[in-house]
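Below is one structure, written out as structure tokens; comments come after it.
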Amino acid sequence: MPPSPAGRHARRSLLAAFSATFLELDAWFMLLPLLTLTLGARGVSPTVIGLFNASMWAGILVSSLVAGRITPRLGARGCFWLSGVLPLVALGGFFASDSLWLWFPLYLMAGFGSGLRWIVSEALVAELSPPERRGRIVGLYQTMVGTTFIIGPALLGLTGAEGRLPLFVIGALLVASLVCAAALPSNVQTLANADAGSAPHLGDRHDASRPPGLLARLRAMPSLALAGFVGGVFESGTPGLMPLVGLHWHWTPEAAAMLVAINGVGGTLMMWPVGELADRLDHRRVSRVAVAALVLGSIALPFAGTISALAWAIVFCWGAAGGTLYTLNLLGAASVLEGAALVDGAALLVGAYTVGGMVAPALGGAAFDHFGVPGLAMLLAAIALGAGLPAIRASRRGHASARDSWLT
């Protein structure tokens, strides 16, 4: 049986969203290490470089606060265009000027664009997917995103970090992303809701006078914030500390750095299988397994210094379990929310993930500095239990009741 017009419409939109995001993220993960290496080669202090990178995360946080209000005005295609143009403009500024004080606001702007793409693309993919296959498609999307963490730096390795060539390649990827974004239909229909009436969908432009704010989001779905925070801690923040832990164990620098890569592999490879499970099993059962993996891995960390396979298994499971909590809560939100409300949900998840990624190095570094590996392990176990289990309990009351409180 040939697909319906609505089905073809949704598939075209999904392909455009996947392609545009894949290309932009490849460019983004070329740009991040390139800027850091460029500043380091100029003799800029590590403190200033750290502040510079923080400006990008600040841009992502700002985007998480306003994405739900921008999307109704611009629609999905307009948001994809805006989120692609802003990094391209920033790249032009990096190309034209060597002024560090100009680079700070440019990086903030690029971070805002990246955050907007992150939020809107995840919400769009989740809403476009048919309910019976949503886990598979969203899991595949998350796996695709994970591959860009590898492809971007690999492309930089091919072009080198000197001269104009890497900037030209990054610019070409961003332009190609805009071309793919242009393929998004102006009015995006979903496979799940194509015949559901006149309710506004994420891709539509409509009246943006909606009441919810940040506190309303937190009250309606606290599980999103908690799960996003835990995901950010274990998938983004803590891996940055693991090379220090490896050196503390007297590993070689190369072996210590591998812990970061293995964490990323866990967060990449396991999202598609997790999505398949989410289509078949109760999300809470899978979430409990993920929290248990985080807690047990944290408890086992002090014993992994002399057993490299155990250390690799721990960081792999951290990446997989942190990503699992994030993905399952995105799927839960998509099951009851749509349109700008779903963007709000994705924004809360992304914002909390970003906070977790920023807080973990500071708190974890302090714990490691004062109490060694056991102190870091205790902190991580406490975060997994203190935020992971409440996230599961918060989702137990059902996302359906949250829909009404979110929209009123």
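The backbone N, Cα and C atoms fix where each Cβ goes, and this holds for glycine too.
TrEMBL labels come from automatic prediction, so no person has curated them.
In TrEMBL this protein carries:
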DOMAIN    12-399  domain 'Major facilitator superfamily (MFS) profile'
TRANSMEM  12-35  transmembrane segment
TRANSMEM  47-67  transmembrane segment
TRANSMEM  79-96  transmembrane segment
TRANSMEM  102-120  transmembrane segment
TRANSMEM  140-159  transmembrane segment
TRANSMEM  165-184  transmembrane segment
TRANSMEM  224-249  transmembrane segment
TRANSMEM  255-274  transmembrane segment
TRANSMEM  286-304  transmembrane segment
TRANSMEM  310-328  transmembrane segment
TRANSMEM  340-359  transmembrane segment
TRANSMEM  371-392  transmembrane segment
Considering the transmembrane segment (224-249), which listed stretch of 12-35, 286-304, 310-328 counts the most C-beta pairs under 8 Å: 310-328
For the domain 'Major facilitator superfamily (MFS) profile' (12-399), the mean pLDDT of the predicted model: 85
Among the ranges 79-96, 140-159, 255-274, 286-304, 371-392, the one whose Cβ pairs under 8 Å to the transmembrane segment (165-184) are most numerous: 79-96
Among the ranges 47-67, 102-120, 310-328, 340-359, 371-392, the one whose Cβ pairs under 8 Å to the transmembrane segment (286-304) are most numerous: 310-328
Among the ranges 47-67, 255-274, 310-328, 340-359, the one whose Cβ pairs under 8 Å to the transmembrane segment (140-159) are most numerous: 255-274
Cβ contacts the transmembrane segment (47-67)/the transmembrane segment (102-120), at least three under 8 Å, sequence gap 6 or more: yes
Stretch with greatest number of CB pairs under 8 Å, the transmembrane segment (102-120) reference, 79-96, 255-274, 340-359, 371-392 candidates: 79-96
